[in-house]
Amino acid sequence: MTGWGTDEKAIISVLGHRNAVQRKQIRLAYEDLYQEDLIKRLESELSGDFEKAVYRWILDPADRDAVLANVAIKKLSPDHHVIVEISCTRSPEELLAVRRAYQARYKHSLEEDVAAHTKGDTRKLLVALVSAFRYDGEEINTRVANSEAKILHEAVKDKEFNHEEIIRILSTRSKMQLMATFNRYRDDHGTTITKNLEGDSGDEFLKTLRTTIRCLNDPKKYFEKVLRNSIRRVGTDEDALTRVIVTRAEKDLKDIKELYYKRNSVPLDQAVAKDTAGDYKALLLTLLGKED
């Protein structure tokens, strides 16, 4: 980054191949050597989608989620699905770390900001989800799964989608317990709960509810769909594309790539390469494990 222009390829080859711990060490060493914040320097040197992707990638995972959540909440029409994604696909400990990072960065709690920028049933659901600290083990209670599948079915049948029991079940039960409940629902009624929740596409609460169930039940399948939609639409949705690749690169991106190929018969890196350009494309392909 010294002298004329920036060597983007060097930035990609150094940062794109380092894990979160190593990236943090590089940030600290950079500050030590040059008395300058590496993130701020990168922000001033880079621009556009590439800058945004590098910025998202270099942050600590919890800090990155805090930034993603804040950007999602503060939009004119908030991106509720990003809040759901963060609260339902991260582990309980990870979500706790995000809430800590959010407070440190914004001097507010994530819960209060979510509450301040949402209303009605959507607020009730989202505040419950971001405040959750679920049990994270394997133990499940079959009796509870049976009775709660019944409660969910009754509420859905009566179109009481905002029933407080739905919000209680989705925001307090462990993911393994919820999977057992959703499987029970499917076995008893021959269809998934998300299929039964397909209604008015303009209903924001219903949409948020469906996203919640999909994130809790099968996050990889959910992320594959986000990627598919981000690439398929007229004009790529770079925000969604960057968010999924950057946040899943050190988690389950390999599985998501396999799912994507199964579903679309095109490798994900090929689809990304076709829809992106320049340094932004080079960084995403590096994170996908496929350099040009």
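Placed from the backbone N, Cα and C atoms, the Cβ positions cover glycine too.
Record features (TrEMBL):
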type    : residues                                                          : note
BINDING : Gly3, Gly5, Glu45, Ile231, Arg233, Gly235, Ala273, Asp275, Thr276 : Ca(2+) binding site
| field | Gly3 (Ca(2+) binding site): tally of other CB atoms within 10 A of its CB | value | 6
| note | Arg233 (Ca(2+) binding site) has its Cβ surrounded, within 10 angstroms, by a count of other Cβ atoms equal to 11
| task | Return the residue, from the listed binding-site residues Glu45, Ala273, Thr276, with the maximum count of other C-beta atoms within 10 angstroms of its C-beta. | result | Thr276
